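Participant: This structure is in structure tokens; I'll ask about it shortly.
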């Protein structure tokens, strides 16, 4: 299906945030930053929050309500606004229905959705499938790439199939609680234990002795029944963004680096949730201090990873730079957009400011439309 015809004037963008995942608060913070930076001369914004139990709510979209304040994380509640529904009918593409005690009120249709959702039930293909069914264009990757990019098992399977450099890992499916001797010897110590379909370092543990493994697996399983145990990769943490333009052209951003080890007592080098969002305990170098040939290789690998997963619109690819070269760690199909997030910073370093970056994403989504492609 092609994109809807646009009436003269501004494009109506629904920014959807919150959601049912453990990354609810970070999604809210990302949305606040996006709401603050969407060009009001080009875009009319509709802010839609999703509560932790899955209710859709039309909010006032004030960015100041979506910030971390004195360590308190923001959240969407049913009191945040009017409950909404999105009819899954292409003949009503973008139509919103405000729910109430009566029959409901039909609201003006949106032209495009910006799903600023991190983690399961948002970044994993679920809302993308809903929007495809409803015939509403949306920012970011489609159903398959979103699902594959969210699941660390399948991300690495697809990257490996394309011959891209990845680290070693073992998947613990439901009912499997530990590693066997061969797996322990293969991975070595330390290892990182993660929910297979999670982000923002939530539920992640660094294990330095095998007797710590059961507790780490139990923590990860609070967020996902499928758990990943990754071999530690010794190297610098680098990131690179990929952006698709309306004409289908792909570009890679300036390369950035995250430095944690030795910063404010974080000698373990573990970039966890608190370090990312609460303690301001990481140093971000944009551009990264690497040789030009290394930066070029990172940028090329980022585009190859983007293509291997089948991404669209945007993604951030995370690397370790080892003595033997770059290793791809993860791909994020909807990276963070907070004030400290690397994705907008890396593009700004290359000359694309935040409002221009957001406009390019929306324009690409509209040009792409929905349906098989």
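Backbone N, Cα and C define each Cβ position, glycine as well.
Keep in mind the model is a prediction, meaning the values are calculated, not measured.
Copying in the features that Swiss-Prot gives for the protein in this structure:
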DOMAIN    156-363  domain 'ATP-grasp'
BINDING   184-239  ATP binding site
BINDING   318, 330  Mg(2+) 1 binding site
BINDING   330, 332  Mg(2+) 2 binding site
Participant: By a simple count, how many Cβ atoms lie within 10 Å of the Cβ of residue 219 (ATP binding site), its own Cβ left out?
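Facilitator: There are 17 such Cβ atoms around residue 219 (ATP binding site).
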Participant: Measuring CB to CB from residue 184 (ATP binding site), give everything in the same chain under 8 Å that is also at least six residues away in sequence.
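Facilitator: Correct list: 210.
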Participant: Where does residue 184 (ATP binding site) sit in the DSSP three-state scheme?
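Facilitator: Residue 184 (ATP binding site) sits in a helix per DSSP.
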Participant: Cα-Cα, whole number of Å: residue 332 (Mg(2+) 2 binding site) versus residue 205 (ATP binding site)?
Facilitator: 20
Participant: Per residue, counting other C-beta atoms within 10 angstroms of the C-beta, which of the binding-site residues 191, 233 reaches the highest number?
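Facilitator: Per the Cβ count, the most surrounded site is 191.
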Participant: Can you tell me the three-state DSSP label for residue 191 (ATP binding site)?
Facilitator: strand
Participant: Can you tell me which of the binding-site residues 191, 198, 219 is spatially closest to residue 318 (Mg(2+) 1 binding site)? Compare CA atoms only.
Facilitator: 198
Participant: Using DSSP and three states only, what is residue 198 (ATP binding site)?
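Facilitator: DSSP call for residue 198 (ATP binding site): coil, neither helix nor strand.
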Participant: Can you tell me whether DSSP puts residue 219 (ATP binding site) in helix, strand or coil?
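Facilitator: The three-state answer is helix.
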Participant: Please identify which of 198, 205, 330 has the densest Cβ environment, defined as other Cβ atoms within 10 Å, among these binding-site residues.
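Facilitator: Of 198, 205, 330, the one with the most crowded Cβ is 198.
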Participant: Give me the CA-CA distance between residue 198 (ATP binding site) and residue 330 (Mg(2+) 1 binding site), in Å, as a whole number.
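Facilitator: Here the two Cα atoms lie 11 Å apart.
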Participant: Within its own chain, what residues at least 6 apart in sequence put their Cβ under 8 Å from the Cβ of residue 212 (ATP binding site), listed in sequence order?
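Facilitator: Residues satisfying the criterion: 205.
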